[in-house]
């Protein structure tokens, strides 16, 4: 119990700093909110954009074998029949008859019995365990009040069309991948790509989660960075290994996440998705325990074969070198943007005890992803210091998001930027007017040094 309370407390600290410093706000807050919806504030959206741009750089621009795509959220409903999502994209659901609370049965059993307990359990077995154990409802505390477990489809349904007579029942996409498969033939034709190659995209997906929880970790509306890598059948294991290593390296070397907070977990056969022959998750050690950050799945030729069958289109690839046609196999690294956001904030968060006995909260982001690259502080709002500060601000803004802050004591301004994760604070003082130098204070060590204004831009560029 103490461990759980400690985990809950540390997650609350993350939520608190995110709200206090404008990273994440509750959705629809002035109307009382809407459960499990969040808005990303000024610093949150900067962090998200930096993460997405860094991913696009290393998964598209720096690779000759990957191109980008932005496919529609709304697709012909037959797509989801073909992909298997209509019949297979389900979670087990139970209800409390007393308080009407809906609960995801497998996660509830694992909360009661331990992590991994529900892996591979059928609905019948879940019902048996729940009945025999006589668990209490976590909401009202009543025992013996659960309904039988049943499948609950996670796709959001909506209508397409202006009138009831002409409207078509469609779904908000639960993953971005299918839009890539639908455009495989188009991309091959227009870009003349040769296998092996990948198609990457960033976009919103929607899943009507039974138990959406843990801040932005599991939400009904979320963003994905997915890439489908098409390869010749028989080579998929080699590419699978390549992408697991490539993704892990990107997280540690580019994003700057500590290695001890990451691990690779291979899925058991019983927990594989219906389309996968093998999946490995890169997991992050969140405040609530280890959780999936990045799933790398070997989807075989399942999706392209299904779309061939349902659409009647030939989606085989013509290999001109080997003079043969085949349906490519696919390796998919799928990364949740919101989960990555929570991971980097959690990894960077620290409450540091200072020599004077005070505690400072600091987000130790890598400068590559920090929402603010540097902050400019005029020591006073007079004597030409604001004018000089504005000159420096205008010049440095070409390097990225630079913040100008002239409110309050310097010490309080430092603390505010520490909580935002700003790596460098630049103070313009009276010595600046004499010798054209500024004081640069580094976030992590809090060390300070004087830098000439005419060298400041290059100095900062080398560290970003």
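Every residue gets a Cβ built from N, Cα and C, even glycine.
Database features (Swiss-Prot):
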{"type": "BINDING", "residues": "104, 175, 222, 223, 224, 225, 226, 332, 333, 334, 335, 336", "note": "substrate binding site"}
{"type": "BINDING", "residues": "207-209, 217-222, 292-293, 336-339", "note": "ATP binding site"}
Largest separation between Cα atoms (Å) of residues that the record links to substrate, namely 104, 175, 222, 223, 224, 225, 226, 332, 333, 334, 335, 336:
27
222, 333, 335 screened against residue 209 (ATP binding site), Cα within 10 Å - retained binding-site residues
none
Can you give me the same-chain residues 6 or more apart in sequence from residue 226 (substrate binding site) with a CB-CB distance under 8 Å?
175, 176, 177, 180, 200, 201, 202, 332, 333, 334, 335
Find the one among the binding-site residues 104, 222, 224 whose C-alpha lies closest to that of residue 337 (ATP binding site).
224
Near the Cβ of residue 104 (substrate binding site), how many other Cβ atoms are there if near means within 10 Å?
21
Residue 207 (ATP binding site) to residue 222 (substrate binding site), Cα to Cα, whole Å, comes out at 8
Lowest local Cβ density among 335, 337, which the record lists as binding-site residues, within 10 Å:
337
In angstrom units, rounded to an integer, how far apart are the Cα atoms of residue 104 (substrate binding site) and residue 218 (ATP binding site)?
13
Whole-number Å distance between the CA of residue 339 (ATP binding site) and the CA of residue 224 (substrate binding site)?
9
According to DSSP, which kind of secondary structure is residue 337 (ATP binding site) found in, if we only use helix, strand and coil?
helix
Below 8 Å Cβ to Cβ and six or more residues apart, same chain only. Which residues does that give for residue 222 (substrate binding site)?
204, 205, 206, 207, 336, 337, 338
Enumerate same-chain residues with a sequence separation of six or more from residue 218 (ATP binding site) and a Cβ-Cβ distance below 8 A; give 'none' if the list is empty.
209, 211, 212
Fewest other C-beta atoms within 10 angstroms of its own C-beta: which of the binding-site residues 207, 220, 339 fits that?
220
Cβ-Cβ neighbours of residue 224 (substrate binding site) (radius 10 Å):
19
